[in-house]
Structures are given as C-alpha cells and as structure tokens.
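Taken straight from TrEMBL:
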ACT_SITE  E308  active site, proton acceptor
BINDING   K23, S24, R28, S164, S165, Q166, S193, E308, H335  3-phosphoshikimate binding site
BINDING   K23, G93, R121, Q166, R339, R380, K405  phosphoenolpyruvate binding site
DOMAIN    10-412  domain 'Enolpyruvate transferase'
Amino acid sequence: MSIWSAPVATSPVVATVELPGSKSITNRAFVLAALADGPSTVRGALRSRDTNLMLNGLSELGIGVQVDPDDETTVAIEPRPMHGADVYCGLAGTVMRFLPPVAAFADGVVSFDGDGQARTRPLATILDGLRGLGVEIVGDRLPFTVTAAGAARGGQITIDASASSQFVSGLLLSAARFDDGVTIRHVGPPVPSMPHIDMTLEMLGTAGVDVERPGPDEWLVSPGPIRAVDWEIEPDLSNAAAFLAAAAVTHGAVTVPRWPATTTQPGVQIVDILAEMGCAIERSDGALTVRGPEKLTGVSIDLREVGELTPTVAALCALADGESVLSGIGHLRGHETDRLAALSTEINRLGGDCTETDDGLRISPTTMHGAVWQSYADHRMATAGALIGLVVQGVTVDDVETTSKTLPDFPGMWQKMIGHV
Ligand SMILES: O=C(O)C1=C[C@@H](OP(=O)(O)O)[C@@H](O)[C@H](O)C1
Ligand SMILES: C=C(OP(=O)(O)O)C(=O)O
C-alpha cells in the first residue's frame, strides 16, 4: 500500500477521457454467458479486479473462459458442466451475490470466501432465499458453502432486499435455470439501486428470458433457456463521474467519448446532478462534455437509486457553495466499507464539515486543507480523495491501488487527464 500525492490542477482541467467497460454490465454478461445455451463473446469488457474475480470464479466452476490474446477486453465464454470449486469474491458485491445462485447448478461443494471487509457485507438475504429454492447452504455470510447436484428446484420466495438490489439481481440472473423457475417477492423498506434491477431485466430480455412483474416488488421467471448473446459493453458511467467531476471543480471541460444515447446504468444520473450544481452539459458526436462553473452550488438530493455515485457527489458537495443534503443512502453502510462513516471522517479530516444523518450526509462549505485521505479499501473513496486533492493542496491518498477494483489504471488516467504525464 502506498501513499499517493494527489496531483493539484494548476489550471482548469481540459481533457478527453476514454472509460473502460461498465463493471455492472460486464459481470452480468459473464454470468448470463456462463448459463447460456451456447458460447458467447463479450466485447469491450471491463478488466479490473471485480471482473477478473468473476472470470476466475466461473473458470474454477468449470466454465470455459478464453481471453483474446490480442485484446484483453474480448472474452469468449463457453458453458460447460460445473463442478465443486473454491470461489474467491475479493470485495466484489457482484461476485458474492451473483455466483451463489450459479453454484446451485454445479455438481459438488462450492466454497466461497473473500477479503476481510467482504465478510461483513450483507449476504444472509440471498443465502436464505436460495435455501428457500431448495439449495443446500452452510453459513450466512462469507465464508460459506453451496452443495449441489447439478440441478435445483426453485419456487417462490419472499425476501427483504432493502440492504442491496444485488440480492434480487443475483437471483434473477440464474432464475430461468431452476426446474420450477423462481418468483421473488420483496417485503420491507424500499429496495435501493432499482435501476440496477432494470439493467438485469433488460439484459435477461436480450438473452430471451422474460420476467413478469405481478407487482412493483415482485418478479416471476419461468423455467427456460438463457440464449447465448454476443455482448457489447458500454463505458462505465459511474467511473466516468469522477473524471467529469474534475471539470466541475476546476472550471474546466472534460469529454467522455462513446457516451451511450440510452442506458440502464444508474451512473448516468451524474449528468443531471452536475447540471443542478451549475455545470453546462453538451453532447456531440456521441460524446458528452461537462463544463464546470465559476463556483458549484450545493444540492439536496435523494441518491437511493444511485448510491454508487455518493463518494463523488459528496466530494463535489464539500467543494461547493452552500449546504448539501444527500439522502436515501443508509444502505451504503454495507458497501465496500461504511461509506457514510468513511466520507464524514475523511472530509472532516481535511477541515470539511460533514455529518452523518440516519440515511445520508449533510455537508457544509468550509476552507479545506491537506492531510492523508484514507481509502478503507474502497475504490470510490480513493477517487473522491483524488477529486478533492485536485483543488486542495497537500492531499495524499492512502492505498490508491484499491481503485483497481473497477479501474485498471486510475492514477495513470488521472495524471493524463490533468496533463501531468
Ligand atoms: O447490481 C449491480 O451491479 C450493482 C448494484 C448496486 O448495489 P446495491 O444495491 O447494493 O447498492 C451498486 O451500488 C453496485 O455498485 C453495483
Ligand atoms: C457498491 C459498489 O460495489 P459492489 O459491486 O462491490 O457492491 C460500488 O462499486 O460502488
């Protein structure tokens, strides 16, 4: 682990930044390809820790995984009978929640484990859900085992998915393979990150799996094949957020090429948030450009649908004029780290004024100063520290390497963006 001196922008950041593929779309495509009725190719895949862990997990289970030797973002996946395996989840929510239902179709014992911090992330909801579908599971969080014999019964379950939308997405991705299909009913406080469930539904539709919605919190999948698809992955818009925010805080202009015309990625909401904070937005030739104002304004927003953006948005708010209130994000206490505690501790360490509320953060403007910004093994905490460090002298980011969870070379991309290469 190293200490990284966040580069300071000595002039407005003006740059074009190419983003690698979406983590969420890539890992869904890998899972659907592994369960499909024939071989698939995934192009433009994100190759980072979370997506490599997914490929390793599938390969350990027996799935054929072939990376194009000339282009590591092109991955061929061939479904094969699955067997017992050790699956390492790292700190990836998508791996620890999308692969246990896949393991229900292996023949043998599948053992799951992950990083120390991963052992505290919520999992019992999906493991109990799988038990209700006839799958044998020992454990309620990492480490745990799934014991299966190549097939699983399925049926109807009621779960409380208020801690993570990934419980619903994980069950839905494999649902069509269960003998009786799967019906999921959510009962409890609202499910966060609903657009991520819409992403799952859209990708299932592309793979020929229809999901009925008898009610807003109910999903019904009949048994049937998952079709092989050649997937093209969009750039990751949640990762784009930190780079676009660099324009916002430096009165600069950052362009992201290949910005999708329509998307299921909730990260797209960064565009409206930046506009509300005073940025100008332009689209041309398939690219999106954000121009920062003289001074950002504070905002009051409910981020329940797009909690992923919170670290970036909180860093923007710490640098804005006026108070900001971020709400609807109590579930971030179970993300890579307790993000509400981590953000308030680190913003305050730099002289900011951030307090935790029941379901979010309240941030008031102050003059901030340099200090060591801790990352807590959280990729988005590290990029938030870099963002503040662009305009506050003397910020160093501890463990910037943790950004490799979803970006293969964040420090290099960041330096290049501000012209320090
Ligand atoms: O399904 C997905 O790809 C994701 C869903 C969301 O999880 P939560 O619903 O747990 O917030 C999001 O925060 C995460 O980064 C990715
Ligand atoms: C919450 C996140 O990740 P995960 O997929 O590990 O839940 C995230 O990337 O912000």
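Cβ coordinates come from backbone N, Cα and C, glycine included.
Nobody curates TrEMBL annotations by hand; they come from automatic prediction.
A quick note: this is a predicted structure, and the numbers were derived from the prediction, not measured.
Mapped onto three states, the DSSP output places R121 (phosphoenolpyruvate binding site) in coil. Residues from the binding-site residues list (R28, R121, S165, S193, R339, K405) with a C-beta closer than 6 Å to any atom of ligand 2: none.
Taking S165, Q166, S193, E308, R339, R380 as the candidate recorded positions, the subset whose CB lies under 6 angstroms from any atom of ligand 1 consists of S165, Q166, S193, E308.
Between the binding-site residues S165, Q166, S193, the minimum number of other C-beta atoms within 10 Å of a residue's C-beta occurs at S193. For G93 (phosphoenolpyruvate binding site), the number of other Cβ atoms no farther than 10 Å from its own Cβ, over all displayed protein chains, is 26. The average pLDDT for the domain 'Enolpyruvate transferase' (10-412) in the predicted structure is 98. Here R380 (phosphoenolpyruvate binding site) is compared against the recorded positions K23, S165, E308, H335, and the shortest C-alpha distance is to E308. Put simply, H335 (3-phosphoshikimate binding site) is 13 Å from K405 (phosphoenolpyruvate binding site) when counted between their Cα atoms. Cα of Q166 (phosphoenolpyruvate binding site) to Cα of S193 (3-phosphoshikimate binding site): a span of 9 Å. Straight-line distance linking the Cα atoms of the residue listed as 'active site, proton acceptor' and R339 (phosphoenolpyruvate binding site), rounded to a whole number, equals 10 Å.
Within the same chain, the residues at least 6 positions away from R121 (phosphoenolpyruvate binding site) whose Cβ sits under 8 Å from its Cβ are L91, G93, M96, R141, L142, G334, H335, listed in sequence order. Of all Cβ atoms in the protein chains displayed, 25 besides its own lie within 10 Å of the Cβ of R339 (phosphoenolpyruvate binding site). Note on R380 (phosphoenolpyruvate binding site): other Cβ atoms within 10 Å of its Cβ, all shown chains, come to 29.
In this view, the densest Cβ surroundings among the binding-site residues K23, H335, K405 belong to K23, judged by other Cβ atoms lying within 10 Å. Proximity of R28 (3-phosphoshikimate binding site) to non-local residues of its own chain (separation of 6 or more, Cβ distance below 8 Å) is seen for T94, F98, S169, L173, M199, T200, M203, given in sequence order.
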